[in-house]
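Everything below concerns the one structure shown next.
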Amino acid sequence: MKTALFLVFALAFIAVEGKFSKACSKPGQTVLAPDGCNHCRCSKNGIIMGCTKKMCPPRTMKQSCKPGATFKHKDGCNTCKCSDDGKSARCTARLCW
(Lines of atoms letter the chains of each structure in order from A and count residues from 1; the text may use other names and numbers.)
(Lines give C-alpha, C1' and ligand atoms only; values in the text may rest on other atoms or scores of the structure.)
Protein backbone atom coordinates (compact mmCIF):
# COMPACT_ATOMS: atom_id res chain seq x y z
CA MET A 1 0.00 0.00 0.00
CA LYS A 2 2.79 2.44 0.89
CA THR A 3 4.54 1.62 -2.37
CA ALA A 4 1.36 2.27 -4.35
CA LEU A 5 0.85 5.65 -2.67
CA PHE A 6 4.48 6.58 -3.30
CA LEU A 7 4.10 5.72 -6.99
CA VAL A 8 0.94 7.82 -7.29
CA PHE A 9 2.65 10.85 -5.74
CA ALA A 10 5.79 10.32 -7.81
CA LEU A 11 3.80 10.13 -11.04
CA ALA A 12 1.79 13.22 -10.09
CA PHE A 13 5.02 15.13 -9.39
CA ILE A 14 6.52 14.05 -12.72
CA ALA A 15 3.36 15.08 -14.57
CA VAL A 16 3.26 18.49 -12.89
CA GLU A 17 6.97 18.92 -13.50
CA GLY A 18 6.53 18.18 -17.21
CA LYS A 19 3.60 20.56 -17.58
CA PHE A 20 5.59 23.46 -16.15
CA SER A 21 9.11 22.66 -17.36
CA LYS A 22 9.19 25.60 -19.80
CA ALA A 23 7.65 28.00 -17.27
CA CYS A 24 10.47 27.65 -14.71
CA SER A 25 13.35 29.55 -16.20
CA LYS A 26 14.64 31.05 -12.93
CA PRO A 27 15.17 29.39 -9.53
CA GLY A 28 12.75 30.77 -6.95
CA GLN A 29 10.46 32.12 -9.67
CA THR A 30 6.69 32.00 -9.11
CA VAL A 31 4.57 31.03 -12.13
CA LEU A 32 0.82 31.05 -12.70
CA ALA A 33 -0.83 27.62 -12.47
CA PRO A 34 -2.98 26.35 -15.38
CA ASP A 35 -6.18 27.22 -13.47
CA GLY A 36 -5.27 30.90 -13.81
CA CYS A 37 -5.48 31.81 -10.12
CA ASN A 38 -3.08 29.62 -8.15
CA HIS A 39 0.70 30.05 -8.19
CA CYS A 40 3.55 27.54 -8.33
CA ARG A 41 7.10 28.03 -7.06
CA CYS A 42 10.23 26.88 -8.90
CA SER A 43 13.04 25.10 -7.06
CA LYS A 44 16.73 25.92 -7.33
CA ASN A 45 17.09 23.48 -10.23
CA GLY A 46 14.12 24.95 -12.15
CA ILE A 47 11.52 22.30 -11.27
CA ILE A 48 8.10 23.11 -9.79
CA MET A 49 8.22 22.51 -6.02
CA GLY A 50 4.52 23.00 -5.33
CA CYS A 51 1.48 25.11 -5.99
CA THR A 52 -1.06 26.95 -3.87
CA LYS A 53 -4.42 25.18 -3.68
CA LYS A 54 -6.82 28.03 -3.01
CA MET A 55 -10.36 28.04 -4.34
CA CYS A 56 -10.51 30.03 -7.54
CA PRO A 57 -13.27 32.60 -8.04
CA PRO A 58 -15.83 31.78 -10.70
CA ARG A 59 -14.92 33.11 -14.11
CA THR A 60 -17.36 35.14 -16.15
CA MET A 61 -18.73 33.60 -19.31
CA LYS A 62 -18.17 35.38 -22.59
CA GLN A 63 -21.19 33.74 -24.18
CA SER A 64 -24.39 32.06 -23.09
CA CYS A 65 -25.01 28.33 -23.27
CA LYS A 66 -28.01 26.06 -23.64
CA PRO A 67 -29.61 25.51 -20.20
CA GLY A 68 -28.61 22.12 -18.78
CA ALA A 69 -26.10 21.41 -21.57
CA THR A 70 -22.68 19.95 -20.77
CA PHE A 71 -19.46 20.82 -22.58
CA LYS A 72 -15.70 20.39 -22.29
CA HIS A 73 -13.73 23.14 -20.56
CA LYS A 74 -11.10 24.86 -22.71
CA ASP A 75 -8.41 22.86 -20.83
CA GLY A 76 -9.72 19.74 -22.58
CA CYS A 77 -10.13 17.55 -19.50
CA ASN A 78 -12.72 19.19 -17.22
CA THR A 79 -16.45 19.14 -17.90
CA CYS A 80 -18.86 22.05 -17.44
CA LYS A 81 -22.63 22.16 -17.08
CA CYS A 82 -24.72 25.15 -18.09
CA SER A 83 -27.04 26.68 -15.48
CA ASP A 84 -30.82 26.61 -15.80
CA ASP A 85 -30.88 30.19 -17.10
CA GLY A 86 -27.99 29.70 -19.58
CA LYS A 87 -26.01 32.61 -18.13
CA SER A 88 -23.40 30.67 -16.15
CA ALA A 89 -21.79 27.26 -15.92
CA ARG A 90 -20.10 25.15 -13.25
CA CYS A 91 -17.06 23.07 -14.10
CA THR A 92 -15.17 20.22 -12.50
CA ALA A 93 -11.78 21.24 -11.13
CA ARG A 94 -9.60 18.22 -11.82
CA LEU A 95 -5.87 18.67 -12.28
CA CYS A 96 -5.20 17.99 -15.96
CA TRP A 97 -2.14 16.06 -17.15
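Placement of Cβ uses the backbone N, Cα and C atoms for every residue, glycine included.
Note that this is a predicted model, so its numbers are computed, not measured.
Disulfide connectivity taken from Swiss-Prot links C65 to one of C40, C42, C80, C82, namely C82. For C37, the partner cysteine in a disulfide bond according to Swiss-Prot, taken from C51, C56, C77, is C56. The disulfide partner of C51, as annotated in Swiss-Prot and taken from the candidates C40, C42, is C40. Of the listed cysteines C24, C42, C77, Swiss-Prot assigns the disulfide bond with C96 to C77.
With respect to their backbone Cα atoms, C37 (disulfide bond) and C91 (disulfide bond) stand 15 Å from each other. Residue pair C77 (disulfide bond) / C56 (disulfide bond) shows a Cα separation of 17 Å. DSSP labels the residues of the domain 'Pacifastin 1' (22-59) in these numbers: 0 helix, 11 strand, 27 coil.
Across the domain 'Pacifastin 2' (62-97), DSSP classifies residues as 0 helix, 10 strand, 26 coil. Note on the domain 'Pacifastin 2' (62-97): its mean pLDDT in the predicted model is 85.
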